[in-house]
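*Asks:* Just dropping this structure here.
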Ligand SMILES: Cc1cc2nc3c(=O)[nH]c(=O)nc-3n(C[C@H](O)[C@H](O)[C@H](O)COP(=O)(O)OP(=O)(O)OC[C@H]3O[C@@H](n4cnc5c(N)ncnc54)[C@H](O)[C@@H]3O)c2cc1C
């Protein structure tokens, strides 16, 4: 990067302005000024009164969503990353940069759930941190305690705390502009060579010029918005809202992939002190178990496709007043175990523009119910949770059904399902027609677009069977390597010219 200058543009404030950001337990109570609340298109069939039913959240602060997320650190199965087209990923470099991670200590209730899964359903302990599946192993699932991006001193480790250290912030060639919103990418002579970014800062618009390149890292919900606003996307869609298409890239905003999750609430027979002992140095998440759905077993998939997350989420998940009252009336408390289709979800959603106004929020359709197979798999996970709880009747009461005590599992799903906040794939990496970036993360477009890259979760071609923050940070590191490699290549070419002018 010799001689190069970097301007980092962030819509939200500095994470250091908010001490709560670093305190793990505060993650569910984040300040509205650092949290995007995107209202999505209608997803669920049942009308909801819960505040989180039809929204996607995101961090609007240095560190992005890694400054407000649940801090679970799971890489997921290697077999998924192998299909990305990048070869082996350098997880060691990422984990060195993050430093030692914390490990969640399961509450007694979560521990009892895992024990019952082991003893009565053949769950085995994970063979490795990635929950790899060995097809011939005896059991059909692995259990995993969660690693967490919490330092041994009990502080959140975000991409800002790990990578925007004091030393980095002091670099003379780095300028960080917070509370500055990118509105559009600027192009040379109205062509397709990116030359800068139009931003809004302190109520005024200005252009930040980029001599080398523009790198978009606005996340899977907002990066496609910026590309579309800049005329890069499906041409007919852009024309229909009055934006002149610069490059017809049909894949922009398509392929939105995420994890939907539904809860089973299990009453406890004895109060679990762990539930009340959530301190400033922990989160609410206890333990993960992974299982293989019958769909997955039939095709012998390489990695488990359902995650069962034992957690304590009373405020977060409460569906509505009446249901909250039923939960709160439980004398000994409860454990919530969530089922989510973590491997190869089939449903695909979209991000598109409502209008050509950059201040308008994008139109997000997660389409979680778009695949009957995904729903069947989540229901299978919920059924397994019920069976595991019933097999440990000394610890657990009858799993609760919603909205009424005699509701079906499908009704409970409809009532409790929501997003797990893992959107990816809206500027997918690949070399086919609908890919948005190539394997060097450069925006494609028939050789048209130049000096424009994307480096965030939107490039993920296949969602990991895990939470997505490690993958997003890995993409950042890979982007840094690619940029440095370009610099080396340019330097070599320059030297070759000097030494061999012919
Ligand atoms: C509530 C919640 C809980 C989660 N829990 C976990 C978890 O426990 N474990 C896990 O692994 N993952 C979790 N995730 C997901 C994980 O945090 C994300 O996958 C990851 O942060 C995505 O990184 P990103 O760089 O793609 O985008 P983001 O983290 O979303 O970062 C995008 C950044 O770009 C900025 N930006 C956007 N638009 C503009 C603009 N126009 N101008 C300037 N700046 C802009 C945003 O303000 C933000 O800072 C969670 C996410 C949420 C929201």
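Cβ coordinates are placed from backbone N, Cα and C, and glycine is handled just like the others.
The feature domain 'Glucose-methanol-choline oxidoreductase N-terminal' is assigned by TrEMBL to 59-82, 219-233. Residues or ranges marked as FAD binding site in TrEMBL: 61, 69, 70, 71, 72. Sequence annotations record features per position, and here TrEMBL assigns substrate binding site to 420.
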*Asks:* Under 8 Å between C-beta atoms and at least six residues away from its ends: which parts of the chain pack against the domain 'Glucose-methanol-choline oxidoreductase N-terminal' (59-82)?
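*Replies:* Same-chain residues near the domain 'Glucose-methanol-choline oxidoreductase N-terminal' (59-82) but 6 or more away: 10-16, 18, 21, 24, 27, 30, 33-36, 89, 91, 98, 101, 129-133, 144, 146-150, 156-161, 164, 176, 178, 217, 219, 283-285, 288, 302-304, 342-343, 421, 462-467, 469-473.
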*Asks:* For the domain 'Glucose-methanol-choline oxidoreductase N-terminal' (59-82), provide the mean pLDDT of the predicted model.
*Replies:* 93
*Asks:* Please check each of the binding-site residues 70, 71, 420 and report the ones with a CB atom less than 6 Å from an atom of ligand 1, ordered along the sequence.
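*Replies:* Once distances to ligand 1 are taken from each Cβ, 70, 71 fall under 6 Å.
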*Asks:* I'm trying to understand the geometry here, so how far is the Cα atom of residue 69 (FAD binding site) from the Cα atom of the residue listed as 'substrate binding site', in Å to the nearest whole number?
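*Replies:* Checking the Cα atoms of residue 69 (FAD binding site) and the residue listed as 'substrate binding site' gives a distance of 10 Å.
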*Asks:* With helix taken as DSSP H, G or I, strand as E or B and everything else coil, how many residues of the domain 'Glucose-methanol-choline oxidoreductase N-terminal' (219-233) land in each class?
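*Replies:* The composition, in the requested order, is 7 helix, 2 strand, 6 coil.
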*Asks:* Using DSSP, tally how many residues of the domain 'Glucose-methanol-choline oxidoreductase N-terminal' (59-82) sit in helix, strand and coil.
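*Replies:* So the domain 'Glucose-methanol-choline oxidoreductase N-terminal' (59-82) is made up of 9 helix, 3 strand, 12 coil.
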*Asks:* Could you tell me which of these binding-site residues, 61, 70, 71, 72, 420, has the greatest number of Cβ atoms within 10 Å of its own Cβ?
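*Replies:* Counting every other Cβ within 10 Å of each candidate, the maximum falls on 61.
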*Asks:* If one measures from the C-alpha of the residue listed as 'substrate binding site' to the C-alpha of residue 71 (FAD binding site), what distance in angstrom results, rounded to a whole number?
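*Replies:* Here the two Cα atoms lie 13 Å apart.
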*Asks:* Give the number of CB atoms, excluding that of residue 69 (FAD binding site) itself, located within 10 Å of its CB.
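*Replies:* For residue 69 (FAD binding site), the 10 Å Cβ neighbour count is 24.
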*Asks:* Using DSSP and three states only, what is residue 420 (substrate binding site)?
*Replies:* coil
